[in-house]
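Below is one structure, written out as structure tokens; comments come after it.
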Amino acid sequence: MNFGRGPSVVLNVGGTRYSFSREVLKDFPLRRVSRLHGCLSEQDVLEVCDDYDRERNEYFFDRHSEAFGFIMLYVRHGHLRFVPHMCELSFYNEMIYWGLEGSHLDYCCQRRLDDRMSETCTYYAAEEPPGAEGGKWLERMRRTFEEPTSSVAAQVLATVSILFVIVSMVVLCASTLPEWRAPENRSVEEQSRYTAESVREPSGIIEAICIGWFTAECIVRFIVSKNKCEFVRRPLNIIDLLAITPYYISVLMTVFTGENSQLQRAGVTLRVLRMMRIFWVIKLARHFIGLQTLGLTLKRCYREMVMLLVFICVAMAIFSALSQLLENGLDLGTKNKDYASIPAACWWVIISMTTVGYGDMCPITVPGRILGGICVVSGIVLLALPITFIYHSFVQCYHELKFRSARYSRSLSAEFLN
């Protein structure tokens with residue numbers, strides 16, 4: 001070290017003092033601290049730290065002292081973990097300041113950091129302030145369509161969208177009533193004329209209006225989006241396409257089939273496509289925090305969900321094989337035909353493990369009933385194991401979305417006051 005006096009230097013980080021020899025600083029694991037060894041003047045020192053005391057050879061850093069304490073544990077022992085009750089992103093900023101990277105964290109903390117950074121990019125990237133006036137207009141339009149609580153116009157737009165979803169669902173449910181389904185029993189020629197004229201009926205008109213609204217909304221949101229590729233990849237936008245596309249496909253099929261002999265087969269396809277309108281219910285996730293919380297929880301807890309499915313599959317393989325053997329394979333004088341194969345026994349295992357118990361099949365031998373009791377108890381235990389992780393993630397997601405909604409509500413209140 002070419003600047004300062006004395007055999008040792010003192011680092012003062014947030015009021016906590018650390019003393020080192022000059023030679024230690026040369027190869028210090030923290031890049032910012034090791035830069036002090038090559039400082040030639042006081043100006044060079046002040047580019048590295050916030051202040052410097054020449055008399056005591058003490059360097060001051062206005063940083064989080066507790067975070068630096070955990071970083072020093074990494075210097076001494078080689079393990080870097082997050083500070084309890086400290087935001088992961090704040091601690092990551094401290095790491096960047098001292099010259100560390102995310103790869104220096106232990107694996108469990110790396111996973112937490114990745115999850116938090118993905119959440120931040122997903123939910124707060126749209127809050128970056130635009131530069132130009134045109135960018136402000138696009139940002140306002142984007143928030144109007146993406147954030148129902150961001151302004152009065154956004155709330156009105158969200159209310160209208162919810163009303164269209166409700167109306168379309170009521171029409172979809174009513175169309176399955178026997179009185180509405182009577183025209184489907186007509187002949188091929190009559191059904192051809194019916195499908196061609198259905199658009200002019202009240203239900204067809206309502207359906208066309210709803211589809212027109214959803215199509216216009218989707219097109220405008222696509223136009224004002226920042227990243228078009230990212231827009232297409234979003235789950236809610238994919239659901240919008242799945243809900244809108246079947247209508248246009250059914251219209252094209254009706255136009256091109258006409259009175260073709262394969263109209264009956266096409267009619268089945270049309271009914272399947274029209275039933276896909278049930279996806280419109282998921283559009284409510286844009287306007288209700290509860291559905292958003294559910295989707296975000298499933299996204300964050302996919303590892304726990306996979307673990308739960310693995311537990312169930314392993315238990316199904318074991319109990320279905322044993323139940324088929326005890327009920328049908330040992331030839332003890334009583335054969336239960338419901339357990340004729342392992343795939344058939346899998347159905348009994350899954351409804352027993354989930355404690356549904358339809359009663360359509362049940363063991364009749366004593367060993368089979370004992371196995372059934374073990375299967376039920378094992379199902380309760382296996383299903384309960386990952387639930388705690390999923391529950392805590394659900395609560396965290398709910399609070400984060402509530403905080404985000406409250407921030408937009410404050411901006412909405414300011415708009416009313418203005």
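Placed from the backbone N, Cα and C atoms, the Cβ positions cover glycine too.
Copied over from TrEMBL, here are the features:
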type     : residues : note
DOMAIN   : 7-116    : domain 'BTB'
TRANSMEM : 152-177  : transmembrane segment
TRANSMEM : 204-224  : transmembrane segment
TRANSMEM : 236-258  : transmembrane segment
TRANSMEM : 278-298  : transmembrane segment
TRANSMEM : 305-326  : transmembrane segment
TRANSMEM : 338-358  : transmembrane segment
TRANSMEM : 370-394  : transmembrane segment
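Here the transmembrane segment (152-177) has long-range neighbours at 143-145, 203, 206-207, 209-210, 213-214, 217, 274-275, 277-278, 280-281, 283-284, 286-287, 412, 415-416, meaning same-chain residues at least 6 beyond its ends whose C-beta is under 8 angstroms from one of its own. Remark: secondary structure over the domain 'BTB' (7-116) totals 57 helix, 19 strand, 34 coil, with classes taken from DSSP.
Packing against the transmembrane segment (305-326) from elsewhere in the chain are residues 298, 339-346, 348-350, 352-353, 363, 365, 367-368, 371-372, 374-375, 378-379, 382-383, 385-386, 390: each is 6 or more residues past its ends and has a CB under 8 Å from a CB in it. On the 0 to 100 pLDDT scale, the domain 'BTB' (7-116) averages 86 in the predicted structure.
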